[in-house]
Amino acid sequence: MAEKFESLMNIHGFDLGSRYMDLKPLGCGGNGLVFSAVDNDCDKRVAIKKIVLTDPQSVKHALREIKIIRRLDHDNIVKVFEILGPSGSQLTDDVGSLTELNSVYIVQEYMETDLANVLEQGPLLEEHARLFMYQLLRGLKYIHSANVLHRDLKPANLFINTEDLVLKIGDFGLARIMDPHYSHKGHLSEGLVTKWYRSPRLLLSPNNYTKAIDMWAAGCIFAEMLTGKTLFAGAHELEQMQLILESIPVVHEEDRQELLSVIPVYIRNDMTEPHKPLTQLLPGISREALDFLEQILTFSPMDRLTAEEALSHPYMSIYSFPMDEPISSHPFHIEDEVDDILLMDETHSHIYNWERYHDCQFSEHDWPVHNNFDIDEVQLDPRALSDVTDEEEVQVDPRKYLDGDREKYLEDPAFDTNYSTEPCWQYSDHHENKYCDLECSHTCNYKTRSSSYLDNLVWRESEVNHYYEPKLIIDLSNWKEQSKEKSDKKGKSKCERNGLVKAQIALEEASQQLAGKEREKNQGFDFDSFIAGTIQLSSQHEPTDVVDKLNDLNSSVSQLELKSLISKSVSQEKQEKGMANLAQLEALYQSSWDSQFVSGGEDCFFINQFCEVRKDEQVEKENTYTSYLDKFFSRKEDTEMLETEPVEDGKLGERGHEEGFLNNSGEFLFNKQLESIGIPQFHSPVGSPLKSIQATLTPSAMKSSPQIPHQTYSSILKHLN
């Protein structure tokens, strides 16, 4: 486990110390690499996103993401637990400290899978798609109420827990703050949304868009859940716009004129009736779902439903409950965007000295008024209708001081006399962990009674009211049993389940090791591995010492072959002497062929039994050899011993008594036997069958090993005499 952890640390540069274990790569976020790990302090699996800070631009994006995700708190948004520095160090609330780091780690809630992986298995049932779409709109309503644009909505950024069918929006790496009371034209980044989920307005004006771009992406995702494939999958921006115009009607004339000035080839006089309407692209869906989708996928963002309006659509009536669809109580404003600029360039510090416009040259009717404020109380920004949008002319929004809550925005928490920086634990043995407040019965003071991480805003309220939605009631039989089984587990706090994740990991590793041992034990002969090993050995270069030994061995074989020829000539001379002795014994045994044995005084033996014994000894001798070379050198030693012994008649007889009718190769010389036992008609004419048998069994026809000299049976015949 330690080696695996260190290898991942070295490859991907994760430096979190020993607190986190069992790192597993999950993917890449909008601006960082994401891993899952188990927190040893609380025995909980979390997702960790690493953001590398290489230049001022990356620091700006990291600051923006951290600022947004720390303030967002919703049941359909992935929760963030901690922001860590290198080696798992805790970061201070000082904004400038972020510029001194080379990387930061965002520890957030771990989700089981994402919508992209689910859709790889095929389309969803319409009821499941409606449930997920409701949760997506519910999260978007909260995000947009906080004046935040996600700008990267796609199935891969929508995370799901399959056990309870909860969907959460994640990866705010490309999100940004957009105060609706100020114009952002010309100051928005281009090409952030994934191409397949870009709205027509974003394709025409990449740096001028509103919250409606998130709603277009949500509509494309809903259609993808119903069909299992991307609704508009263009290879480039021009093809993407072409696919949209084939299915989405262009109602307003000003939109058609704008298209005519950009892509006149694809523009017709009447574009209210598309060639391939959504009814053809989405066959089989209900009429209510089609009407719901047509009101979201509109060409003009002004005609498009907002998240709040979409939740009120009749198609969502089975889930919609406005009291259970909260909005942000502390939305972002223009000064939060200015903080990013101040951090990146200290030369803009004079922006703090902006003055209000006391006298406005525009009338009150020229300005859109927010519904929550009286027209007399709202400070009008003359820049909103101006073509000049320099950052230095940005008007600070005075609405933040209208309700008299000036202490909310004090830059130093010490100015608040009612605020205590000391942690107020409910219990003396309380542990300060960032995750336990989600599952344990007591709070860990996370996001409560503490100043904001980056913007130094001190909330007046002592406690943040976390909103918890009731469980969505839906009759989905596929998940009923699983919910019942896990009800007991959810009743326990995470602290009581401490050690469960580690024990599960250890059990998985033990089972994998056991399975590997079983495979090794039951593994048979692998022909492919044998061939691969043989090819590998044959391709290797042989050492010089081995080649020299092989050459010496070949020369030894040649010398033995020469000696065998000499031994063969000696054996032929002995054979001629044995033939002469056979002539004297023709009359001794007239019917020896019919008898079962040959008698020679006290020394008598069965011929067949003798042959079998000799063959068994030969086989036993060969079985004792461990290799071909052992057998070869054993034969060589036997040959040398035979050549050193003198060949005399007396000793030859003794040797014949021991070896009988067998030569050194264990073969029986039948032609000598036929002559010695005096078979009738043996001396018949040459054409007789026995003579032909004798001709086929002559010593020249009987092949034996060249390393072993032939033997004759003269000693045996002498013994019989």
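Placed from the backbone N, Cα and C atoms, the Cβ positions cover glycine too.
Per Swiss-Prot, the features are as follows:
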CROSSLNK  Met1  ubiquitin cross-link
DOMAIN    20-316  domain 'Protein kinase'
BINDING   Leu26, Gly27, Cys28, Gly29, Gly30, Asn31, Gly32, Leu33, Val34, Lys49  ATP binding site
ACT_SITE  Asp152  active site, proton acceptor
MOD_RES   Ser189  phosphoserine
MOTIF     332-337  motif 'FRIEDE motif'
MOD_RES   Ser386  phosphoserine
MOD_RES   Ser452  phosphoserine
MOD_RES   Ser556  phosphoserine
MOD_RES   Ser558  phosphoserine
MOD_RES   Ser665  phosphoserine
MOD_RES   Ser684  phosphoserine
REGION    701-721  region 'Disordered'
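DSSP labels the residues of the motif 'FRIEDE motif' (332-337) in these numbers: 4 helix, 0 strand, 2 coil. Note: the CA-CA distance between Leu26 (ATP binding site) and Asp152 (active site, proton acceptor) rounds to 18 Å. Neighbour density at the Cβ, taken as the number of other Cβ atoms within 10 Å, is lowest among the binding-site residues Leu26, Cys28, Val34 for Cys28.
When other Cβ atoms within 10 Å of the Cβ of Gly32 (ATP binding site) are tallied across all protein chains shown, the result is 21.
Secondary structure from DSSP puts the residue listed as 'active site, proton acceptor' in coil. The separation of Gly32 (ATP binding site) from the residue listed as 'active site, proton acceptor', Cα to Cα, is 14 Å. In the structure as shown, the Cβ atom of the residue listed as 'active site, proton acceptor' sits within 10 Å of 20 other Cβ atoms.
In the three-state DSSP scheme, Gly32 (ATP binding site) falls into the coil class.
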